[in-house]
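Peer 1: Handing you this structure, nothing more for now.
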Amino acid sequence: MKLQVLVLVLLMSWFGVLSWVQAEFFTSIGHMTDLIYAEKDLVQSLKEYILVEEAKLAKIKSWASKMEALTSRSAADPEGYLAHPVNAYKLVKRLNTDWPALGDLVLQDASAGFVANLSVQRQFFPTDEDESGAARALMRLQDTYKLDPDTISRGELPGTKYQAMLSVDDCFGLGRSAYNEGDYYHTVLWMEQVLKQLDAGEEATVTKSLVLDYLSYAVFQLGDLHRAVELTRRLLSLDPSHERAGGNLRYFERLLEEERGKSLSNQTDAGLATQENLYERPTDYLPERDVYESLCRGEGVKLTPRRQKKLFCRYHHGNRVPQLLIAPFKEEDEWDSPHIVRYYDVMSDEEIERIKEIAKPKLARATVRDPKTGVLTVASYRVSKSSWLEEDDDPVVARVNRRMQHITGLTVKTAELLQVANYGMGGQYEPHFDFSRSDDEDAFKRLGTGNRVATFLNYMSDVEAGGATVFPDLGAAIWPKKGTAVFWYNLLRSGEGDYRTRHAACPVLVGCKWVSNKWFHERGQEFLRPCGTTEVD
């Protein structure tokens, strides 16, 4: 009964917490924290179940010990034992009453409460999509920050607070996720890591023959026919009855025979070409991939000494706003052209926590606008959850909005709502423009406020590693610092887009990244930021 009450309490409390959470937990660390508490309560429920089972087992053990002692005496001299009428009565009673009662005790199912709890909460657990998304996130971090599988498996990441290692089965899960998505490059890397840990003697449920089955086909898909044959033969030495491996080996060997039939020169050239490109990370659609990722690693930043001399710090009072004359903000130049500045102590810790508190229940997978259709959709290159806050939601929202207006000298009347974003595992937003380009579907037409003239980005958390805001065309990288904000203009004074402001949010390697954005629009800024005398002013 006690267990049933506990289960009911657990169900009521966590049903309320998780019922509003959508799938795609991996896209928001904020939502994943709820899973920690859900798992903690499941452990408590499981411990209660174990206590009940142990108490039941203790009774059964006590009964068994007592019966063993009794039957050893009675079986030694059955007639003499039964000569005593009390013994005869007790034997009948035991077999008619006590043993059936013991049977009922054994048949009692103490797991019902725990199973009921697990079944209800399971509706809100991560899905296969979450697991594959989390696997992709780890591989994204692996590629962006040039981490080898062994480093990730040992959990040797910069800025980590807790030790975390990947088991053999964990590594196999990563390799299998890559395989299921046709990503044979990462399949090979992680299946090789599985073999390495198996050879080191680690325990696992996965078998070496299963790993070789995946690995041999993956290297074949990457064009390494000789190694595919070698691995398949190794698989068959472990499991001679493996039908698919036998068929694959015959197929691979036939392809090798066909290769040998080619001219020696062609074969040599082809072999060299294959080896040169073997196991290379596949190319994708993003032209500035190398530049973007090197900036994320802190490499390739083009902040030369000459440029650095142009950067200064100062106290900023806006356009002599009375509030800022009394308490100006510290302003630091991050880049000279286009001018990107950072402001310090823009939001207090209390304001940040309050905004996160009211934003969290509204978080939903962040979307992007399809440039062809103008329709909002989710995309693999933007991994985060976001919500939009109105001033009516809480006084702190109105207060922060006014502060951004004072700092920038721009009106927030035509600005978008305050967007709060929380990045998940490997959370990122690949290179993009904040403004709508002339060849795009007019993304802001329905707002009637013109294009996005400026971006005000608040950092609401520190990030232990990764998570920089980078500008690939500039070679600039800006690192998150809690309570600070960066600001830049997306449009030139002529109203044309400043294409140098193409930027990205790097994947979060370690930590939890919270930001909030305010996008100012053109309407209402005509006299606050008037046109210049030239097109590029």
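Cβ coordinates are placed from backbone N, Cα and C, and glycine is handled just like the others.
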Peer 1: Among HIS503, HIS521, indicate the single residue that Swiss-Prot lists for the Fe cation site containing HIS432, ASP434.
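Peer 2: So, going by the record in Swiss-Prot, that would be HIS503.
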Peer 1: For a three-state summary based on DSSP, what are the helix, strand and coil counts in the domain 'Fe2OG dioxygenase' (414-522)?
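Peer 2: Going by DSSP assignments, the domain 'Fe2OG dioxygenase' (414-522) contains 6 helix, 52 strand, 51 coil.
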Peer 1: Roughly how many angstrom lie between the C-alpha atoms of HIS503 (Fe cation binding site) and LYS482 (N6-succinyllysine)?
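Peer 2: Between the Cα atoms of HIS503 (Fe cation binding site) and LYS482 (N6-succinyllysine), the distance comes to 20 Å.
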Peer 1: Enter the number of other CB atoms within 10 angstroms of the CB of ASP434 (Fe cation binding site).
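Peer 2: So the number of other Cβ atoms within 10 Å of ASP434 (Fe cation binding site) is 19.
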Peer 1: With a radius of 8 angstroms around the mean position of the C-beta atoms of HIS432, ASP434, HIS503, what other residues of the same chain does the Fe cation site pick up?
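Peer 2: Apart from HIS432, ASP434, HIS503, the close residues are TYR429, PRO431, PHE433, THR455, ASN490, THR501, ARG502, ALA504.
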Peer 1: By DSSP, how many residues in the repeat 'TPR' (209-242) are helix, how many strand, and how many coil?
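Peer 2: Going through the repeat 'TPR' (209-242) residue by residue, I get 27 helix, 0 strand, 7 coil.
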Peer 1: Distance check, please: Cα of ASP434 (Fe cation binding site) against Cα of LYS513 (2-oxoglutarate binding site), rounded to an integer number of angstrom.
Peer 2: 20
